[in-house]
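Structure first, then comments.
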Amino acid sequence: MTQQRHNWTLKEVEALFTLPFNDLLFQAHSIHRKNFDPNQVQISSLLNIKTGACPEDCLYCSQSSKYDTGLEREKLMEIDLVLKQAKQAQDNGATRFCMGAAWRNPTDKSINKVIPMIQGVKDMGMETCVTLGMLTQKQAFVLKEVGLDYYNHNIDTSKENYSNIVTTRNFQDRLNTLESVQNANIRVCSGGILGLGEDQTDRASMLRSLSNLAIHPDSVPLNLLVPIPGTPFENIEPPTESEFIRTIAVARIMMPKSVVRLSAGRTKMGDTMQALCFFAGANSIFYGEQLLTTDNPNTDSDQDLFVRLGINQKQANNLQSV
């Protein structure tokens, strides 16, 4: 099953989730191997270029202005510092540099301040990605014109669970921005977070929403929630390791040609869990000790992991084999 489908039913997706674990991983790995080199992983790096004071009320987020998490508000980074961080990421093996700003929806003035950052990173020979919040169609076209490669806009969870995690926007708002980005021919990076109080049906529904987009996301980041003290979700029950690995596997089956990225939460994953995620179809990670406001394994730790697992870093453009 390597054909890209956009008509998955919820019943079909739930059936995948309930397969015996070994059967599910075998099916996912077989599809992964047909579309990618199973021993290659793409490396991205993520930088928070504007921290905190977000007006949204996402119950899990340290950057929301609604909660006292001890996070200090920081204004937009100067371009020289951004490019210095990008060069360091490139020297460490990253092929894509992602820049995130804690905005609900950026103003045109804010977009204009980010444009030189995008152009500077592109001039270094890296792929560019930004996550800036909800976009208008006009803003998406502007970002395309300046050469942006990827736009990240996660749907977070299922449509059914969405109002339980945020009230300042709705699920359709997320889809509208993804549509604007795809209309501008910018490649989409969109995934979700596990550990938001969702059940297996919610995970199935979330993946169904992603796979039934007009074009599958080029990248599907899947995050394991890192509970933040001071947020309403600071004591929420995390998913089990097998639940997370199952979600990776189902994502690979449903979106066979998308890059599936292990994102936040890897500090809680040992070698075995990460190895099973790679076997199930994950083929990208975020590199560097910080992901926005949460910790991430250091580069030496990841390099050691790659050596132990026999994994090679590859340029993003050379990752896909079919």
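Cβ atoms are placed via backbone N, Cα and C, with glycine included.
Pulled from Swiss-Prot:
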BINDING   Cys54, Cys58, Cys61  [4Fe-4S] cluster binding site
BINDING   Cys98, Cys129, Cys189, Arg261  [2Fe-2S] cluster binding site
DOMAIN    39-266  domain 'Radical SAM core'
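Taking the centre of the Cβ atoms of Cys98, Cys129, Cys189, Arg261 as the [2Fe-2S] cluster site, the nearby residues of that chain (Cβ within 8 Å, site residues left out) are Ser44, Leu46, Arg96, Thr131, Tyr150, Asn152, Ser219, Pro221, Phe286. Recorded residues Cys98 ([2Fe-2S] cluster binding site) and Cys61 ([4Fe-4S] cluster binding site) have their alpha carbons 19 Å apart, per Cα-Cα distance. The Cα atom of Arg261 ([2Fe-2S] cluster binding site) lies nearest to that of Cys61, taking the binding-site residues Cys54, Cys58, Cys61 as the candidates. If you average pLDDT over the domain 'Radical SAM core' (39-266) in this model, you get 89. Cys189 ([2Fe-2S] cluster binding site): 28 other CB atoms within 10 A of its CB, across all protein chains.
Burial estimate for the binding-site residues (Cys54, Cys98, Cys129): highest at Cys98, by number of other CB atoms within 10 Å. Around Arg261 ([2Fe-2S] cluster binding site), a 10 Å sphere centred on its CB holds 23 further CB atoms from the protein chains shown. For Cys61 ([4Fe-4S] cluster binding site) paired with Cys189 ([2Fe-2S] cluster binding site), the C-alpha to C-alpha distance reads 19 Å. Secondary structure from DSSP puts Cys98 ([2Fe-2S] cluster binding site) in a beta strand. Taking the Cα atom of each, Cys129 ([2Fe-2S] cluster binding site) and Cys54 ([4Fe-4S] cluster binding site) are about 20 angstrom apart. A strand conformation is recorded for Cys189 ([2Fe-2S] cluster binding site) in the three-state DSSP classification.
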